[in-house]
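All remarks here apply to the structure that follows.
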Amino acid sequence: MEDRFDVVVLGAGPGGYVAAIRAAQLGKRVAVVEEKYWGGVCLNVGCIPTKALLRNAELAHLFTHEQKTYGIKVEGQVSFDYGEAFSRSRTVADGRVKGVHFLMKKNGITEFDGRGAFLDANTLQVAKSDGTTATIGFENCVIATGATPRLLPGTSRSERVVTYEEQILADSLPRSIVIAGAGAIGIEFAYVLHNYGVKVTIVEFLDRVAPLEDADVSKELAKQYRKLGIDVMTSTRVDSIDESGEQVRVTVTGKDGKEQVLEADKVLQAIGFAPNVSGYGLEATGVRLTERGAIDVDGRCRTNVPHIYAIGDVTAKLMLAHTAEAMGVIAAETLADAETMELDYVMIPRATYSQPQIASFGWTEAQAKEKGFDVKVAKFPFQANGKAHGLGDTVGFVKVISDAKYGEIIGAHLIGPDVTELLPELTLAQQWDLTVHEVARNVHAHPTLGEAVKEAVHGLAGHMINF
């Protein structure tokens, strides 16, 4: 017997569960279908547990490298138990997942545990985890199936060649690891593993680490990672991975054309993601895909099938949890005929929890010049910020970019202590077209790291004070 809903959401990641809640708030009868991870990759094996591991790694670094700075004296040997760090990360993740189930119940949303596949454009069949099946009809459907890790050509997952998922669920560490890819996942894992004594080598195909960030940010991060003792190889191609020996052999070629063999206990592949579109019966709906294999959507997250929406990583717009959340709200409000606002994906904030942290939004300096803006740049170093000195962490800077013609902020690129917390002021200013002169009038509490943002904006307005 078919159960019918106003809205069925396929996938309970950050986008899916937020879309479900917003639709329920707008008076819709809602169901969510999830096969594996309630709360998605983010809560279970991504954003949340990695933050727990990174915090442990920061403390390990403090006790091993900063004892003198902070007057820490320890009698005997200090040891760090990664098993305990892993256990804490799972506790943190499990707590957040329970929170998602609580929110489903609170908002009267029906949960289906299992894999959903379309029978037609108005019906899903769910192969439930208990072995039974359910048929669900819907007026509207929101597809939020996420993405899956890409692998290097000719490779596959194994015990020693892993993706973020296997690595974050491992309660023990290798002695050495090669990380293929210097994006957010690669550089975050590099910091965690290095601070627990793992010999880490990062191999990046492009010419710099964090290659999607502003060049100044990439340069600073590479400098700090090399200073930590992490090997960083850029402009380097991975040719093959051989698991036949005692150690994994990774053959790479540098920009000089010379071949080199790296040996390690483990290889972590972190080269990006592909939209999850297979196995869901999309062909039964007529939903159109892009050339990249993502679901094609308009500014309101509508597919070419009027009552079917898609959000988050499966659309390949910007594969970040908060992008999916924002798209989920837009999809729910659109299908409910409520007022909403389209996203500018270029201006969505990005946060990378390396050490030092990276935060950014908008155009890089090079991109802004390419786009023909009348580019003005101001950079304020944390070396000139009082709070940073109090923390004992003065690495990095705040770099803000404006269009000199109108004085509007078109990008910001930050690297340094807790910079992931400093973007909202700037993104809000950009969203509502405030000029640098208007933002500069915003009084900041002292002493705060946020004063570095104020100083950079003052710089754009022509009157930086403290540098």
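For all residues, glycine too, the Cβ spot is worked out from N, Cα and C.
Taken from TrEMBL, the feature domain 'FAD/NAD(P)-binding' applies to 5-328.
Applying an 8 A CB threshold to same-chain residues 6+ apart, the list for Cys42 (disulfide bond) reads Gly13, Pro14, Ile48, Ala321. The disulfide bond annotation in TrEMBL covers Cys42-Cys47.
Its own atom aside, the Cβ of Lys51 (FAD binding site) has 16 Cβ atoms within 10 angstroms in the protein chains shown. TrEMBL lists Lys51, Gly116, Asp313, Met319, Leu320, Ala321, His322 with the feature FAD binding site.
Applying an 8 A CB threshold to same-chain residues 6+ apart, the list for Gly183 (NAD(+) binding site) reads Ala210, Pro211, Leu212, Ala270, Ile271, Gly272. Following the DSSP three-state reduction, the secondary structure of Gly183 (NAD(+) binding site) is coil. TrEMBL lists Gly181, Ala182, Gly183, Ala184, Ile185, Gly186, Ile187, Glu188, Glu204, Gly272 with the feature NAD(+) binding site.
Annotation comment: TrEMBL describes 348-456 as domain 'Pyridine nucleotide-disulphide oxidoreductase dimerisation'. Secondary structure of the domain 'Pyridine nucleotide-disulphide oxidoreductase dimerisation' (348-456) per DSSP (helix as H, G, I; strand as E, B; remaining residues coil): 37 helix, 33 strand, 39 coil.
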Practice problem: Do me a favour and check the Cα-Cα span between Gly181 (NAD(+) binding site) and Met319 (FAD binding site); whole Å is fine. | Solution: 16
Exercise. Identify all same-chain residues not among Gly181, Ala182, Gly183, Ala184, Ile185, Gly186, Ile187, Glu188, Glu204, Gly272 whose C-beta atom falls within 8 angstroms of the centroid of the NAD(+) site's C-beta atoms; report them in sequence order.
Key: Ile179, Ile202, Val209, Ala210, Ala270, Ile271
Quiz item: Other than its own, how many Cβ atoms are within 10 Å of the Cβ belonging to Glu204 (NAD(+) binding site)?
Solution: 27
Practice problem: Given the recorded positions Cys47, Ile185, Ile187, Glu204, state which is nearest to Leu320 (FAD binding site) when distance is taken between Cα atoms. | Solution: Cys47
Self-check item: Spatial neighbours of Ile187 (NAD(+) binding site) that are distant in sequence (at least 6 apart) but have CB under 8 A
Solution: Ile202, Val209, Ala210, Leu221, Tyr225, Thr352, Ser354
Practice problem: Among Lys51, Gly116, Asp313, Met319, Leu320, Ala321, His322, the annotated FAD contacts, find the widest CA pair distance and round it to a whole Å. | Solution: 31
Practice problem: Indicate whether Met319 (FAD binding site) is helix, strand or coil by DSSP. | Solution: coil
